[in-house]
Amino acid sequence: MKLRLKHSFGGFTLDMEMTAGAGITALFGRSGAGKSTVINAVAGLLRPDEGLLEIDGETLMDTARGIHIPPHKRRFGAVFQDARLFPHLNVAQNLDFGTRYAPRGVKTPRADVIDLLGLSPLLTRAPATLSGGEKQRVALGRALLSAPRMLLMDEPLASLDGARKQEILPYLEHLRDGPLGLRIIYVSHAVDEITRLADTLVLLKEGRIATQGPLRDVMADPAAVPLLGVREAGAVIEAEVISHADDGLSQLRISAGMLELPGVQAAVGSRVRLRIMAQDVLLATQRPEGLSALNVLPVTVQSIRQGTGPGVAVALQAGTDILLARITRRAVTTLGLHEGAQVFAVFQATTVAPESIGH
Amino acid sequence: MTLDAVAWDALRLSLWVALWATFIAVPLALWMAWILARRDFWGKSLLNALVHLPLVLPPVVTGYILLVLFSPNAPAGAALGAIGLTLAFKWTGAVLAAIVMGFPLMVRAMRLAIEAVDPKLEQAAATLGASRIGIFFRVTLPLITPGILAGAVMGFAKAMGEFGATITFVANIPGQTQTLPIAIWTALQIPGGEGAAAAMALLSCAVALGAVFLSEFLARRVAARIAGTA
């Protein structure tokens, strides 16, 4: 999918260009960055001042040529923050609404969707009697049954509490990795959701694209730290589960060596995503001894990026992966850090929370 | 003719006129309510005022305006006469008077119902592949049905009770334009007619109560269906 947009409203200008391919493309930005406007323009619910939208060789919108395919002919399934279930229809009828308009021949099997999302106990219920998490599952099922060529998700988990989020996230991972192989544009301002789900990350700031690329590259980019928030920034790397020890720790292999982490649910041999928060990574010029932290990796300073405050973001080459550390400017001077310096990255095993380990 | 016969004739005519008026006015009122609720155009407030005019105008004035417009010599009356539809001093004229007088009440009830529908639901339906017509019949219409029913009952009740505009426009012809309220008024003009007037007033109350009960019953059923408990 290729999208170009220019739209002004209420003193705000959105001016962006992005592409989205296979898997989940996350569109991240603070509230007011223009995320929902992008979704509405892609869905056809909004006519932008200027814009171009192409997918699978089809032009769905081109203001220069006066092309605006109406929303119902675009075949983008949408899931919104408020589930928008039809209140006069029960769950089964809401799902049927999706099936009804799916083109012949590409219909998604209803039983598969009900099975995938665990909807069978809910079928006769009215939307008003569902919990927030259940509503979102039904909305997701309804969108899937309309056999969309791409799924648009606008903050689908934003109104849910932590437990409900954990209830939905595995379903989204199934969609990403499952046989449907669905393309998804996922709008969110929650970094934890994005690091868990996204393959590609697009950072939107005040109506403009700040950076976009594969999730791992963007998360490891020191320039992205202020955009994601200093507390949320941190590299996402892939690891292989080697073994589970009796004391609850698991051994995982990354390109730079071995890590010991607690609470890893994944089976031995499977690959998991790790998120290592930049503010949890310490740097040492010599291999530290007598330390309670279990994980020490030899790394090379790749770049040092000065923030506006006392903080500095340091990109570290660890094997073929990049880690991010956020330390103080004073520490950079004291340790004499410079590009190419060989140092040790130290982080406690507990710093990678179980829920941020994705499958 | 006995008083009984007058009363039954008047009741039958009133029901006939009110049913026709409701039947014709509901789609028109729904269309008008839709335009006022959903469209923005130049002169919208003027149209809105025009629709509501019969509510604030003395009914006699409304009847007079209808007479001026639809008498057989007037342009509108002549045009309708050419296609065989005479309104002045006919039951058809009573229907028109009932429609005009009930219209603002119907439009108001339906407009409120349309404005209460969350456009986001309709947007969701569009992203699922529903066309505008599909959205209207499968999402919007079911959601505004209670409002349409409420408007229809209001219009029907207004048509049953309409007096001023009707008597001004189509006069007081037994069996043709003498509706129940007009028959009651006529009975009160005759010495000794109080008994007949009281009987017809009771009849009027019964019909009104029946209409209210029916609408409550229907509204509750629709509401239950929308809440998904039925």
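Placed from the backbone N, Cα and C atoms, the Cβ positions cover glycine too.
TrEMBL labels come from automatic prediction, so no person has curated them.
The domain 'ABC transmembrane type-1' annotation in TrEMBL covers B:11-215.
Annotation source TrEMBL lists transmembrane segment at B:15-37 (among others).
Within the chain, the transmembrane segment (B:49-70) has long-range Cβ neighbours (under 8 A, six or more residues past its boundaries) at 32, 36, 76-77, 80, 87-88, 93, 96-97, 100-101, 103-105, 107-108, 162-169. Sequence annotations record features per position, and here TrEMBL assigns transmembrane segment to B:49-70 (among others).
The annotation transmembrane segment is assigned in TrEMBL to B:76-103 (among others). Same-chain neighbours of the transmembrane segment (B:76-103): 13, 16-18, 20-22, 24-25, 28-29, 32, 51, 54, 59, 62-63, 66-67, 69-70, 154-156, 158-159, 162, 165-166, 169-171, 173, 176-177, 179, counting only residues six or more beyond its ends whose CB sits under 8 Å from a CB of the stretch.
Sequence annotations record features per position, and here TrEMBL assigns transmembrane segment to B:135-157 (among others).
If you look at the transmembrane segment (B:195-215), the same-chain residues 6 or more away from its ends with a CB under 8 A from one of its CBs are 3, 6-7, 10-11, 14-15, 149-150, 152-153, 156-157, 160-161, 180-181, 183-184, 187-188. What TrEMBL records for B:195-215 (among others) is transmembrane segment.
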